[in-house]
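What TrEMBL records for this protein:
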| type | residues | note |
| --- | --- | --- |
| REGION | 108-132 | region 'Disordered' |
| DOMAIN | 160-266 | domain 'Acyl-CoA dehydrogenase/oxidase C-terminal' |
Amino acid sequence: MTDIAPSADGTEAARALDELFTRITKGESITRYVERDVDWTAVQEGQWDRLGVPEDEGGFGLSLRDLVAVAAVIGAHAVPLALTTTLALRSLAPGEEPVTVVVPRRTRPDRGRVPFGHSATPIGSGKVSGEPDEFAPTLDVVVTAEPATELTAETRHHLATLWAAECTGAARVLVKGARDYALRRTQFGRPLGAFQAVKHLLADATLALAEADTALVIAANNSDASAIRWAQARCVLASEIATQAYGGIGITWELGAHLRTRHILMLRDLTEDLLTTRKP
């Protein structure tokens, strides 16, 4: 049976996590909280990392479809915590600390990237050493020569699906922000949103998000990598449209849109590495 929508438990988990992240960030701009260390304690105490662990193993037993809704909230806030990787991997790495993976580059298998490499430990190994990749500060990626984490095809699919869901959450915030901006920003005596070209752009972005959501339903119910790729491609398009609707605002750091766009682009690249790279 196909789970089109998340269960009541999944919906409630997503809502409650949204409240938790709102408290953690204190309503600040992403440009503020991305630059400080965020405490894992609140996640640990609430056992948020055990949402996908089977009930007979002490978890909450949420389905992958439910976790998609949760991961979208993680992406919307883009709080620099290794929660998505830990959600996907907690059954393989019991404990309380955040866990992550070493994802080999598809173009350079001798090099890997570790999301949250400074704050989380790859399963099956210790802390990694390497150089920071500063492209996406919200993901705290470390580039390393450590061997890739060995994962089953099912686990890779689950993690890739959740990363794609993160992208939808980040893209949705970008599109909403661009829409709100277009409604209040005036040009030639009219709101930007009153111009037909801008209307069509934002409509295209909204449609792209709907397509991404549909693709994730497919990915959560089938081992379909193409659905994951399509969801992320739609999120990239939506983020590009949002940037265009903002009109290239000069004070880009204070706006913070670039941080979520980079979050989406890095997750797309990590996902492609995860799905295509195989151990020789």
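Backbone N, Cα and C atoms are what each Cβ position is placed from, and that goes for glycine too.
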Message: Could you give me three numbers for the domain 'Acyl-CoA dehydrogenase/oxidase C-terminal' (160-266), the DSSP helix, strand and coil residue counts?
response: 90 helix, 4 strand, 13 coil
- request: Determine the mean pLDDT over the domain 'Acyl-CoA dehydrogenase/oxidase C-terminal' (160-266), rounding to the nearest whole number.
  value: 93
Message: Using a Cβ cut-off under 8 Å, which residues of the same chain at least 6 positions beyond either end of the region 'Disordered' (108-132) come close to it?
response: 37, 40, 80-82, 85-86, 89, 92-93, 97-102, 139-150, 270, 273, 277, 280
- line: Residues in the region 'Disordered' (108-132) per DSSP class, helix first, strand next, coil last, are 0 helix, 7 strand, 18 coil
